[in-house]
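Please read the structure below before turning to the comments.
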Amino acid sequence: RLAPEYEAAATRYGVSGYPTLKDGEEAGAYDGPRTADGIVSHLKFISDKDASVVGFFRDLFSDGHSEFLKFAHTNVESLVKEYDDNGEGITLFRPSHLANKFEDKDLLTAYYDVDYEKKTFSHELSDFGLESTTGEVPVVAIRFVMQEEFSRFLQDYFDGNLKRYLKSEPIPETNDGPVKMDATANDVPSPYEVKGFPTIYFSPANKK
């Protein structure tokens, strides 16, 4: 017979057989092998520091759910509502040590330890109006050129306080000839796309 405090816990969590293994308030009962090796294997799985992928499904007999059973799944209503408004989907859960203060922000790609003198990267600086590599260059650029400390630059970017850099030649003193531009020295405005040279677009006079 269980001690009173354990009997209350067993009643609260619906424990009717032994051994029963539960993890968390909303977790379902462990339904794996009722052996020491099976339980240890399950505990190692849920305590592993690697990222976890959890599937949410409306239909427990769908092809997607059947395939996902090879990994992990849940149909606990509260969890489904908390992590997926549509009631179905796959969610990646990462350990907290991988989180940072810039989560849920724009995707940032940073180049570092790059030799801009090499041909492969020589055009990267010119795209941001930085033609010389002899002096200091920004740590990062996100269509904006960094002017100061890195974290402040990122915060200003996320707050929308940065002025976007557009590669552009000086305005010509005279511009009475055919409309033309050097796509290697200027950012091409939308909706035009340049994939080769020469590229010609026709815009009717009444649809500029």
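Heads up, the Cβ atoms here are built off N, Cα and C, so glycines get one too.
Since this is a predicted model, take the numbers as computed values, not measurements.
Features of the protein shown, as given by Swiss-Prot:
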DOMAIN    1-44  domain 'Thioredoxin 1'
SITE      ARG34  site 'Lowers pKa of C-terminal Cys of first active site'
MOD_RES   LYS44  N6-succinyllysine
MOD_RES   LYS49  N6-acetyllysine
MOD_RES   THR133  phosphothreonine
MOD_RES   LYS163  N6-acetyllysine
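When secondary structure is read from DSSP and collapsed to three states, the residue listed as 'N6-succinyllysine' falls in the helix class. Its Cβ taken as reference, LYS163 (N6-acetyllysine) is surrounded by 8 other Cβ atoms within 10 Å in the chains shown. The average per-residue pLDDT of the prediction over the domain 'Thioredoxin 1' (1-44) is 74, rounded to a whole number.
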